[in-house]
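Written out below as structure tokens is the structure these notes cover.
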Amino acid sequence: MSGTTAKLLARHQFFQGARLAARRNPYRCLSCSAQNAQQQNTPPPPGQDAPKTTHFGFETIAEALKEQKVGAVFSSVASSYDTMNDLMSLGIHRLWKDYFVRNLNPGSNPLTSPSTTVQGWNILDIAGGTGDIAFRMLDHASTINNDAHTRVTVADINPDMLAEGRKRALETPYARSPRLSFVEANAEHLTNIPGNSIDLYTVAFGIRNFTNKDAALREAFRVLKPGGVFACLEFSKVNNSLFDAVYKRWSFGAIPLIGQLVAGDRDSYQYLVESIERFPSQTEFRDMIKDAGFLVPGRGWEDLTGGIAAIHKGVKPIKAQN
């Protein structure tokens, strides 16, 4: 074999190997991941309906697969959940959660009648497996409003997150109390929650992972009592362009790498930052809440830390019927 032929053969093998590696490990950056996902969509054969699709971060996948893939992410990060939120929020998610609960003031809801408040609130905390919000709600009701009756049901689709919450509950006064319960449930189909039974529905850093957010909002509307409140704390859109550029550089450049170093799991952290980017804007999500039937107070949301996160609220009309 001549030297020229050998060089051509080596070059061919190099590029062939590169193409195979690219297919096995698609490049995932802020713009390239979205482009790669679009290129993966191929039309169905003639005469066949296209399967319903949704997004998993920047990937487009069959809708039926999202629940399983999201479940795998949160099973992976359940034991390091606080570390994950520290990375995602630059360490201030605890302050946001404290403010979220104080703002809702559980135990003294002015929208419910005095006879109802004597019995305490019935709170449903969705995607709250680790108990972060539930423990705060019960602490606030007990210590601020002297309410020993308010109770919280923590619902989560992921059994590993629920297991983490039950473990953490052992360090609180509520571990064996009827005021706190954990149930495995899908927010889009709350078949075990009766309609018109909940005073306050909360979801913190969870709804962006739902397959069908509109269905979850409709279920929230169904289970809430007339006058009940839907409250959501979620990562959102930064409202300052310079700050937004810095935050995105941190999110996409540093968080997956730190996830690899701290938790040995780059892919889960990559998905989480991509899921934030894909979540609707503040105005879009407000309109989704209104479309589900809720009345939206004021402009419908409150930005936290320049829009890194936002609190959204909706109220079920007093005369609403399911």
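Using N, Cα and C of the backbone, Cβ positions are placed for all residues, glycine too.
The annotation region 'Disordered' is assigned in TrEMBL to 34-54.
Residues or ranges marked as S-adenosyl-L-methionine binding site by TrEMBL: Thr130, Asp156, Asn186, Ala187. Counted within 10 Å of its Cβ, the other Cβ atoms near Thr130 (S-adenosyl-L-methionine binding site) come to 27, all protein chains included.
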Maximal Cα-Cα distance (Å) across residues annotated as binding S-adenosyl-L-methionine, namely Thr130, Asp156, Asn186, Ala187:
16
Given a separation of at least six residues and a C-beta threshold under 8 Å, show me what packs close to Ala187 (S-adenosyl-L-methionine binding site) in the same chain.
Ile126, Ala127, Ala155, Ile157, Val203, Gly206, Ile207, Phe210, Ala216, Glu219, Ala220
